[in-house]
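A.B. asks: Take a look at what Swiss-Prot says about it:
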type	residues	note
DOMAIN	8-290	domain 'tr-type G'
BINDING	17-24, 88-92, 142-145	GTP binding site
Amino acid sequence: MSRKTPIERYRNIGISAHIDAGKTTTTERILFYTGVNHKLGEVHDGAATMDWMEQEQERGITITSAATTAFWKGMAGNYPEHRINIIDTPGHVDFTIEVERSMRVLDGACMVYDAVGGVQPQSETVWRQANKYNVPRIAFVNKMDRVGADFFRVQTQIADRLKGRAVPIQIPVGAEDHFQGVVDLVKMKAVVWDDASQGVRFEYVDIPAELLPVAQEWRDKMIEAAAEADEALLEQYLAGEPLTETQIKQGLRKRTIANEIVPMLCGSAFKNKGVQSMLDAVIDYLPSPADVPAILGHTEDDREAERHPSDDEPFSALAFKIMTDPFVGQLIFFRVYSGVVNSGDTVYNPVKGKRERLGRILQMHANVRQEIKEVRAGDIAAAVGLKEATTGDTLCDPGKVIILERMSFPEPVISQAVEPKTKADQEKMGIALNRLAQEDPSFRVTTDEESGQTIISGMGELHLEILVDRMRREFGVEASVGKPQVAYRETIRQGVKDVEGKFIKQSGGRGQYGHVVLNLEPMPHGGGYEFVDAIKGGVVPREFIPAVDKGIRETLTAGVLAGYPVVDVKATLVFGSYHDVDSNENAFRMAGSMAFKEGMKRARPILLEPMMSVEVETPEEFTGNVMGDLSSRRGMVHGMEEIAGGGGKVVRAEVPLATMFGYSTSLRSLTQGRATFTMEFKHYAEAPANVAEAVINAKKA
């Protein structure tokens, strides 16, 4: 089967924005204008096509990136048909992982901004992720009909906060209630959309006289940006020769793809204005798979390899998302970088070292699926029947192996115990948690060896709340969630010598006799436990020495202060005695345990708490607040630097885990939601006396 759409006419784009910028409505309009969707879905009444999980419709926030394919021939029908694959991305900071993984497989992005709120917190996070993967982007300033809408303020914010060079290619005609349309600066005409046809029909009209000077000023800036694309255009521009419409678009396209400028448009998706010309801009300025560099990877013997976006190259693809579909089971979303693959073909997963048969291949339109026979370079599709693949795995031609660069996922920062409400839910909960962890690499499930509880860990409180909610809805598991917990440890601060342990029971018949003398000393951090046999002259027989070690090890599981595990201690067996008849392994095990407990009490036991390495990325104006707050959490700030490419500061600190619960919520309110943070375990450190006392008392209560 030959290719329906040439790869040059593909656009793989993401639509990214802050939580309320109207991104889902914008996507809905795209689906409507591209003729896929005949009834507009509104987020307000929970009917939007892209927000397909029940919870998303209830909360009105997009949680899962749904992938949709649409076709576009231009607002005026003047383009050959282009195929646009759209990945809708969530705007909430707890779902940053979703944005991250979609950025990895996109060729371009459309950043949606609220004309009133402007560059908001998640916009900054998304911008950083787009920078990380070198994704070219255009900007769409939405909600121009809202009170307080200001297109030019957003342009300034992109420059100041994001250090991006935003180049308006449109300016608004009016704003708030008087928003009527846009001025197309390339054509130097105003565009007015027809309300009766919900914006399908439009006309070019003359620019209102009062707007002409402003339009001319911004057009000059736009042409200058286009002319800087190459020597020939620049010479023509400097010689005072006007650039043609085609030359302007070529110049802007070249610079957008090189990530030097961000073309800026505006509109009101809700009022059916502007999305149509934004689609034209996707075609005019964002790259096709053929415009981006070949994807890099390595062979199984670690030599560098690459794949060009061509059907003639060996098949290579990246699995970027796993979803459980109520009808077909597990869906693996993948982006094809090179070659062709048919349903039924065998593909190789070099990360797992497994061959798998590709079952059905589905193309998704939100959650409506269409079965297709083959996919080619540049396509995004979902596969049924892959058992082994997980997010970030490569799928490739078994005869021409390449391993594409894996995605990097953040470590979870919050943990809670979770237990089923009934015995019947126990097994179902295990299955549900494993399935959810498979879908979401930033969600972990572990078992606490001390308490036996199941611990779930994720990117924030909302993240875990939604996963527990999904367990209930999708798997019918009712679970209760505990308060977040801290894993403390105990150790000793000083050495003690000649600590005795005697276990003697002699009351007729076979008795028990074990007697040991130990020296204890502290070990350096992370030293664990060490046992040394220093017995001379056989005062404790050889065969009983391992029993002493065993007795001490059993005691290490619960320290004398608050019953937490004991770490970093060295025990040396120096003396003891035995009885020919009554001594046995059990007696020496008990004697070892008793001596260790006694020794620990005398060796100034202390409580250790986990310290976390915390990095906060924040806009500059909130740096003081962030540092003050970390100090109030007993944190030690030990470094601060500019974020590369501008746009704020990185604050580095070491903070006790115990004080970090609820931090994502606090940080959000402290910085108007504009900061993000990462947190990972660093080491254990001595807890201050007042903290230790509170923990010990709580444990004894």
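Glycine is no exception: its Cβ is also placed from the backbone N, Cα and C atoms.
Map these features onto the structure and tell me what's around them.
C.D. replies: Per-residue pLDDT, averaged over the domain 'tr-type G' (8-290), rounds to 83.
ALA17 (GTP binding site) is surrounded by 27 other CB atoms, counting those within 10 A of its CB over all protein chains shown.
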A.B. asks: Look up ALA17 (GTP binding site) in the DSSP assignment and report helix, strand or coil.
C.D. replies: strand
A.B. asks: Going by DSSP, give the three-state secondary structure for MET144 (GTP binding site).
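C.D. replies: DSSP call for MET144 (GTP binding site): coil, neither helix nor strand.
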